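Participant: Sharing a structure below in C-alpha cells format, with a few things to ask.
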Amino acid sequence: MTSMKVKNSTWIKLLVLQYLSILCSASQDFDFFYFVQQWPASYCDSRHSCCYPTTGKPAEDFSIHGLWPNYNDGKWPSNCDRKNSFDQSKVSDLVSRMEKDWPTLACPSGDGFKFWGHEWDKHGTCTTLNQHSYFQAALDLKNKANLLQVLQNAGIRPGKFYNLKSIKEAIEEGVGYAPFIECNVDSSGNHQLFQVYMCVDTSASNFIQCPVFPHGRCGSRIEFPSFSDQSDSHDEF
C-alpha cells in the first residue's frame, strides 16, 4: 500500500512538472525578436501619406515600429493573451519617451496609445516581458542602435540617394550585425529607405545575427528622404 502511495505521489509530481514545463514554453514560444524602426519621411512620402501625432511633428529621426517575437522558420506568434490587454497606467513613466521615440503616424492623428496598445496586444503578449519591461526594452534598443548617428558617421544623410549596399554596411559596422532594409515607393516611383529590421535575443537585450530575414527587396540605389523638408500639413488630414 505504501509503495502504491509513493508511486502515485511520484506520478503526480511528474504531471505537475510537465504541466509547468508546458506553461513556460507557451509563454516564450519564439526564437528571437525583430526590432523594427521606420524612417518617418518615407512613411509620409507615399500614397497613403500620414498624420502627425497630436503632440506635433516628430523629429527627423528613426522611430520605433515594434518589437516582434519570431520563429526561426520565418513565422511568428500573435495575440497570445487576450486577457492581458494594454494598460496605459503601467507605462505612465515612459510616455514622454514613447511620444518622442515611438510616435504614431497613422491617420487620423492620435496620441499614440492606440498604436502602442496594438503593438502590445499583438506582439508583447507573446513574450515573457510585462508591459513596462516590453516598452522599456524597445526604447533602450533604439538608443543602443542609434541608427541616424550610425548613418551620419558613414556620411549618409537625409535628402540624397545612396547605394543600398552602403547603407547596410554602415549599419552593420555601427551596430555589429547585418540589418534587413525594407523599402517603399514615393509618389514619383522612387524606392526609399522605409524600415530597418535588427534581430534581438529573447531577453530583448542584445542584438544578434538574424536567423532569417523577412521577404522583400529594394532597388540597388534608394532614396533617404528628408523629413525636415516635408510640409507640416499632415496633421490636418
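Heads up, the Cβ atoms here are built off N, Cα and C, so glycines get one too.
Just so you know, TrEMBL annotations are computer predictions that nobody has curated.
Okay, so TrEMBL annotates it like this:
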ACT_SITE  His65  active site
ACT_SITE  Glu119  active site
ACT_SITE  His123  active site
SIGNAL    1-26  signal peptide
Participant: Report, in whole Å, the straight Cα-to-Cα distance of His65 (active site) from Glu119 (active site).
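Facilitator: The separation of the Cα atoms works out to 8 Å.
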Participant: What whole-number Å value do you get for the CA-CA distance of His65 (active site) and His123 (active site)?
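Facilitator: His65 (active site) to His123 (active site), Cα-Cα distance: 11 Å.
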Participant: State the count of C-beta atoms found within 10 angstroms of the C-beta of His123 (active site), not counting that atom itself.
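Facilitator: A 10 Å sphere around the Cβ of His123 (active site) contains 24 other Cβ atoms.
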